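What Swiss-Prot says about this protein:
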type    : residues               : note
BINDING : C9, C14, C36, C40      : Zn(2+) 1 binding site
BINDING : C22, C25, H48, H52     : Zn(2+) 2 binding site
BINDING : H203, H301             : protein binding site
BINDING : D220, D231, E358       : Zn(2+) 3 binding site
BINDING : D231, H294, E327, E358 : Zn(2+) 4 binding site
ZN_FING : 6-59                   : zinc finger
Amino acid sequence: MAAVETRVCETAGCSSEAKLQCPTCLKLGIQGSYFCSQECFKGSWATHKLLHKKAKDEKAKREVSSWTLEGDINTNPWSGYRYTGKLRPHYPLTPTRPVPSYIQRPDYADHPLGMSESEQALKGTSQIKILSPEDIEGMRVVCRLAREVLDVAAMMVKAGVTTEEIDHAVHLACIARNCYPSPLNYYNFPKSCCTSVNEVICHGIPDRRPLQEGDIVNVDITVYRNGYHGDLNETFYVGEVDEGAKRLVQTTYECLMQAIDAVKPGVRYRELGNIIQKHAQANGFSVVRSYCGHGIHKLFHTAPNVPHYAKNKAVGVMKPGHVFTIEPMICEGGWQDETWPDGWTAVTRDGKRSAQFEHTLLVTDTGCEILTRRLDSIRPHFMSQ
């Protein structure tokens, strides 16, 4: 850290004299960021590093703004980045969509860094909340609405449609149901849903790329209503797909459903990964290890942590009133991942395809209730494509 003129330490609760400044902030041109010691700097790192991400994102937006011609698409916005597969981003992104003021917003919606202070307050805890009857009813309502929004997205999936157009439909469907699209501005995520095509594992940002015949695409929906979040996703075929894609998507769905069949009071959360990996490996596929299922209710992400791979160290035992997601990400090749320079798009390191399915579940006295199930069919959409 570089020495600078005397200032007051920016760590919350510390008013000591500060002569050190974050070197990364200096490089990025961020003003301020003064600390009294390495210890204070390290103690503030979890929130401070978000300033770096925001500055990098704003720099990227400034670069994007230089593309002024209508229809001018940049498929290589990050000079020097080596893509792992054939997929490319299609920039610029459209502007952030507004949410009417009458719709209730989560605490991160208007935070400059998109940070959820309520989640940060419980970060690191392994205590799993048991929902009250009132909470459970709130979750039933919001999960039903999330399902309706995903069903709207499902009708959009076809060759020639851009993932940006799917995101637009999702955004409008949320507003029509008096819901806030939970991904929007969550740690500055720029869109209202995630769309993950082919080698994208998760957290793909909707953009101007048209879906192509033979693609697979996952659409991940979370909505917020009356203080609760509901979360689900499905993977879809785009037109006719090859047999490898069919096997991958079918196996991924089976991994989810076999894990759901095991959910009941007394089961350890770590057991779900054993079930998922056994079925994936039996079919020649691998299980992503970097991203997990999670508790969800008034918080978007909270305890329990639900890994999908075998021999994990997840903490906790299922009890009636627990609500959480299972969302296995299954890959054709290796499970290793990397992230695009946008800070969100997770892709397979070998460029091979990945699929995912997700439900939000309530542990009952005898088993579980799939809160995000389809009401008009027991089959996921891909089985009817």
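Glycine is treated like the rest: Cβ placed from N, Cα and C.
Recorded features from Swiss-Prot, shown on the structure.
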| residue | record | Cβ neighbours (10 Å) |
| --- | --- | --- |
| C14 | Zn(2+) 1 binding site | 16 |
| C22 | Zn(2+) 2 binding site | 23 |
| C25 | Zn(2+) 2 binding site | 19 |
| C36 | Zn(2+) 1 binding site | 19 |
| H48 | Zn(2+) 2 binding site | 20 |
| H203 | protein binding site | 20 |
| D220 | Zn(2+) 3 binding site | 23 |
| D231 | Zn(2+) 3 binding site | 26 |
| H294 | Zn(2+) 4 binding site | 19 |
| E358 | Zn(2+) 3 binding site | 24 |
### Task
Among C25, D220, H301, E358, these being the binding-site residues, pick the one whose CA is nearest to that of C9 (Zn(2+) 1 binding site).
C25
### Task
Sort out the sequence-distant neighbours of H52 (Zn(2+) 2 binding site) for me: same chain, 6+ apart, CB within less than 8 Å of its CB, listed by position.
T24, C25, L28, I30
### Stretch-averaged pLDDT - the zinc finger (6-59)
74
#### Entry: Cα distance (Å, whole number) from C40 (Zn(2+) 1 binding site) to E327 (Zn(2+) 4 binding site)
37
### Query
Near H301 (protein binding site), how many other Cβ atoms are within 10 Å of its Cβ?
19
### Query
For C40 (Zn(2+) 1 binding site), which residues in the same chain are close in space, meaning a Cβ under 8 Å from its Cβ, but six or more apart along the sequence?
C9, T11, C14, S16
### Query
Is C22 (Zn(2+) 2 binding site) helix, strand or coil when read with DSSP?
coil
### Cα distance (Å, whole number) from C22 (Zn(2+) 2 binding site) to E358 (Zn(2+) 3 binding site)
40
